[in-house]
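Accompanying notes for the structure given below.
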Amino acid sequence: MNTLSTPPTAVAHGRRYSYLVAIGASIGGLLYGYDTGIIASALLFLREDFAIADNAFMQSVVTSATLLGAIFGALLTGPLSDRLGRRRTVIVISILFALFALGCALATSLNMLIVMRFLLGLGVGGSSQIVPMYIAELAPAHRRGAQGVLFQMMICVGTLLAYAVGYLLGPSGAWEWMLGLAVIPAVIFIVMMLYLPESPRWLVGKQQAKRAEEILVRVGRTGHEAAQEVKEIGRLHQDQQSSWRELFQPWVRPALVAGLGIAIFSQATGISAIIYYAPSLLVMAQFGKSVAILGSVGIGVVLTVFTLLGIWLLDVLGRRRLMLIGLPGAVVVLAVMSMLLPWSAHAQELLSDGHKIIVLACLLGYFAFNGGSLSVVTWLYCAEIFPLGVRGKGTALCSFALWVVNFLVTLLLYFTADALGIGLVFGALAAVNALAWVFVWRYAPETRGRTLEDIEQSLLNGQFNARNAASSGVLLNKINSD
């Protein structure tokens with residue numbers, strides 16, 4: 001194959017194919033969203049079957065078991081993907097999704113359900129680490145924003161699907177079917193990944209430059225662009241078997257601080273934990289059970305719509321500015337909810353219908369402001385800022401930190417709200433969202449429109465910092481329009 005002369009029709013076809021690759025891989029995000037979100041509705045019914053309706057702590061354990069598994073999945077997947085390749089690692093993860101979703105549906109005891117959800121979490125955490133990296137390593141620089149956040153969009157679609165399934169199956173209380181239906185997209189995910197290509201950047205690291213160049217042409221580069229990209233990857237490539245110590249070198253540290261901070265705040269700000277407990281929290285806020293489940297569907301719709309808006313704004317405003325604009329809105333609506341809701345677990349006062357409407361509107365607003373900014377950016381940002389030689393380990397560490405915080409917040413949020421009052425919890429989350437804004441302003445450089453190799457070069461030159469955020473989009477002028 002002569003990759004140096006590529007017909008324009010082949011390039012156009014390749015660009016369409018690159019979107020198919022991103023969509024296929026992003027089914028991992030749909031499974032992540034569904035498997036973590038479906039517990040929100042299933043919990044209302046399985047807690048009756050397993051006699052834990054009055055035990056907030058055990059409900060928290062059931063909910064957070066998947067997140068504990070995700071911690072280990074995220075930590076192990078990076079090194080595994082460096083050894084096996086991105087594509088084969090994703091296939092392994094898709095098999096885990098199918099097996100343990102079925103295991104959850106067939107659980108006959110509380111302990112079995114907790115174990116199955118823990119094992120399911122290995123796939124959830126693994127997908128969060130490897131899928132964004134796989135997409136980022138195949139996407140061209142000027143489409144990496146739109147294609148990279150397909151994973152986040154599919155998480156939202158999966159969450160919305162989970163809420164819709166919960167609403168439809170709610171009258172029957174069939175929590176087994178709620179959990180087991182995840183097998184269907186998992187099988188589709190397995191089949192899709194069997195036909196998708198390997199990451200060209202991983203191939204270059206394994207001395208397979210010719211195959212890498214052919215894949216780059218398949219996903220829309222011209223022959224000349226592919227040859228130049230492979231050459232640049234090879235120039236910057238460090239040993240893929242690099243030690244963890246290399247991740248902590250001084251020149252990599254700005255990326256490590258930015259990535260870990262964004263990952264930690266994406267969960268400390270509370271969005272995932274609220275997704276998992278949305279119907280239960282609305283019941284705690286004095287909504288009826290059916291209204292609470294329907295309200296959760298509304299949350300899924302808002303999250304999906306504003307994720308789509310955020311995807312569009314990523315390459316218009318940039319990653320950094322999008323977060324700086326969205327987070328203040330999240331602070332305001334959380335503060336309003338905190339003032340309206342009880343600050344004591346034993347509060348007797350009833351909310352008026354007007355206050356309930358304001359609370360629900362603010363909750364939807366929170367998902368719009370946070371979900372359309374910080375949550376949209378997280379997976380893409382962590383996948384694109386690390387040097388190639390330590391990218392697998394860097395994204396694994398960010399995913400590990402994200403899942404640790406997700407697990408802790410989820411384990412404590414519902415239990416704390418039940419013990420101390422839901423108003424106090426939302427007040428604390430408002431403060432954390434404010435701290436997240438400060439962190440982004442101080443430590444998160446812009447990456448819009450930059451190639452992965454350019455980002456790595458800025459690290460080597462000591463120029464990867466928030467002070468250079470305004471000038472980091474200069475490469476956009478060099479990008480050809482479609």
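For all residues, glycine too, the Cβ spot is worked out from N, Cα and C.
According to TrEMBL, the protein carries these features:
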DOMAIN    21-448  domain 'Major facilitator superfamily (MFS) profile'
TRANSMEM  20-45  transmembrane segment
TRANSMEM  57-77  transmembrane segment
TRANSMEM  89-108  transmembrane segment
TRANSMEM  114-136  transmembrane segment
TRANSMEM  148-169  transmembrane segment
TRANSMEM  175-196  transmembrane segment
TRANSMEM  255-278  transmembrane segment
TRANSMEM  290-314  transmembrane segment
TRANSMEM  321-345  transmembrane segment
TRANSMEM  357-382  transmembrane segment
TRANSMEM  394-415  transmembrane segment
TRANSMEM  421-440  transmembrane segment
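With a cut-off of 8 Å on Cβ pairs spaced 6 or more residues apart, the transmembrane segment (175-196) and the transmembrane segment (20-45) reach 3 or more such pairs and are scored as touching. Highest Cβ contact count with the transmembrane segment (57-77) among the listed stretches 20-45, 89-108, 255-278, 290-314, 357-382 falls to 20-45 (criterion: pairs under 8 Å).
At the 8 Å Cβ threshold, with sequence separation of at least 6, the transmembrane segment (357-382) lacks contact with the transmembrane segment (89-108), having fewer than 3 such pairs. At the 8 Å Cβ cutoff, the transmembrane segment (255-278) and the transmembrane segment (394-415) share at least 3 close pairs (sequence separation 6 or more) and count as touching. Mean per-residue pLDDT, taken over the domain 'Major facilitator superfamily (MFS) profile' (21-448), amounts to 89. If you look at the transmembrane segment (114-136) against the transmembrane segment (290-314), you find fewer than three C-beta pairs under 8 angstroms, all six or more positions apart, and that falls short of contact.
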